Amino acid sequence: MNLHAKDKTQHPENVELLSAQKPITDFKGLLTTIISAVVCFGIYHILPYSPDANKGIALLIFVAALWFTEAVHITVTALMIPILAVVLGFPDMDIKKAMADFSNPIIYIFFGGFALATALHMQRLDRKIAVSLLRLSRGNMKVAVLMLFLVTAFLSMWISNTATAAMMLPLAMGMLSHLDREKERKTYVFVLLGIAYCASIGGLGTLVGSPPNLIAAKALNLDFVGWMKLGLPMMLLILPLMLLSLYVILKPNLNERVEIKAESIPWTLHRVIALLIFLATAAAWIFSSKIKTAFGISNPDTVIALSAAVAVVVFGVAQWKEVARNTDWGVLMLFGGGISLSTLLKTSGASEALGQQVAATFSGAPAFFGDTHRRRLHYFSDRVHQQHRLRRIACTDFLRHRYADGAARTSLGIRHRHRRILCLHAAGCHTA
């Protein structure tokens with residue numbers, strides 16, 4: 001015993017290793033999971049639909065409960081979906097089919113986005129672009145703030161909203177450093193909130209701008225250009241309205257002079273290569289339809305994204321370990337789980353049953369009424385900081401279901417495609 005104690009004293013890392021090996025049980029999470037399973041078992045027997053549809057709805061509620069409460073890590077919950085699909089005996093479902101959605105081509109588009117973001121970050125191109133544009137303001141605070149917002153929105157179209165906001169925040173704080181925080185509090189709030197909102201709204205512009213975009217694009221069968229045709233106009237509409245609203249509400253003082261600190265980020269061979277890869281990838285995505293026709297590629301957006309990831313490593317712009325470290329693998333697994341859940345809801349008839357129920361419930365209401373309730377779901381989910389979890393529910397359920405007949409579709413008085421577009425944009429504007 002004494003020798004063992006002495007060994008732990010001389011090697012304190014052994015204490016951490018022994019502690020890490022001890023099983024840690026989250027009894028609260030385990031209890032929540034058990035209760036959710038019992039409740040969903042009861043729901044399965046109560047629902048009036050077919051057994052398979054009841055099973056799909058019960059699974060949806062179970063997954064929603066775990067995502068909402070985080071009783072189990074959200075990525076682990078996503079991995080439960082194919083397991084439960086096989087165990088619960090969903091029609092024509094084996095483990096191979098259940099796991100197929102985890103290799104969906106749409107997932108690799110976002111992986112390519114992670115690789116591009118890593119290249120921009122490692123070569124500091126994102127910061128170089130931001131600082132260069134801010135210098136064009138020449139000390140005019142109004143112009144500087146506007147450029148700050150526009151750069152934030154533009155960068156957020158291509159890299160993570162969170163990463164964009166985190167990068168732009170120091171620039172904003174440096175720009176506001178000469179102002180008195182107490183006297184110019186409204187100006188501080190205007191600039192900082194503006195950055196946060198621009199980062200979120202900018203994510204609507206492209207397919208890789210925000211995680212929900214890919215799930216929605218999969219449901220709507222949209223490629224990169226198809227998404228931009230919907231997302232970019234929406235972004236350009238919402239962005240000025242948001243900034244105008246902030247300006248009217250806060251009335252910031254933008255008449256001061258501003259100084260942008262000089263920051264030398266010289267052009268190097270690797271930075272030039274990184275920029276060329278970024279521009280080539282963006283251009284290829286924009287002209288993906290022509291590439292599809294010319295080369296006969298069925299999923300050109302995915303091929304382009306993977307090619308960009310390969311180019312980033314092959315040309316030495318970033319090492320693979322850096323790409324791997326900056327890739328949120330949990331998000332990619334979450335995509336797979338969301339798409340898998342969507343497939344289960346469709347094949348089990350749960351989506352059709354829910355769609356008919358929604359149509360019947362709101363058949364006498366104005367067309368906008370049903371969509372208002374769906375957007376309230378998104379708003380509520382964001383207010384309790386669970387937006388990523390409930391967005392999966394909304395995207396996998398309401399975006400994928402199709403009503404059984406034309407009468408059900410017309411009963412809401414709004415086109416199915418338009419309804420889904422409104423829903424997906426509500427999901428994207430998660431901080432508004």
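Each Cβ is built from the backbone N, Cα and C atoms, and glycine gets one as well.
Per TrEMBL, domain 'Citrate transporter-like' is recorded for 65-360.
Under the heading transmembrane segment, TrEMBL lists 27-47 (among others).
Look at TrEMBL and you will find 59-90 (among others) tagged as transmembrane segment.
The list of residues near the transmembrane segment (102-122) in space but at least 6 beyond its ends in sequence, with Cβ under 8 angstroms from a Cβ of it, reads 82, 158-160, 163, 207-208, 211, 214-215, 217-218, 224, 274, 277-278, 281, 299, 301-302, 304-309, 312-313, 317-318, 322-323, 326-328, 331-333, 335-337, 339-340. If you look up TrEMBL, you'll see 102-122 (among others) marked as transmembrane segment.
Per TrEMBL, transmembrane segment is recorded for 143-168 (among others).
Annotation source TrEMBL lists transmembrane segment at 188-209 (among others).
Annotation comment: TrEMBL describes 230-249 (among others) as transmembrane segment.
The feature transmembrane segment is assigned by TrEMBL to 269-287 (among others). Residues 112, 116, 119-120, 122-125, 128, 158, 206-207, 224-225, 228, 300-301, 304-305, 307-308, 311-312, 315-317 of the same chain sit 6 or more residues outside the transmembrane segment (269-287) yet have a Cβ under 8 Å from a Cβ within it.
Per TrEMBL, transmembrane segment is recorded for 299-317 (among others). Same-chain residues lying 6+ beyond the ends of the transmembrane segment (299-317) with a Cβ under 8 Å from its Cβ atoms: 105-106, 108-116, 118-119, 122-123, 207-208, 223-224, 270, 273-274, 277, 280-281, 284-285, 288-289, 291-292, 323.
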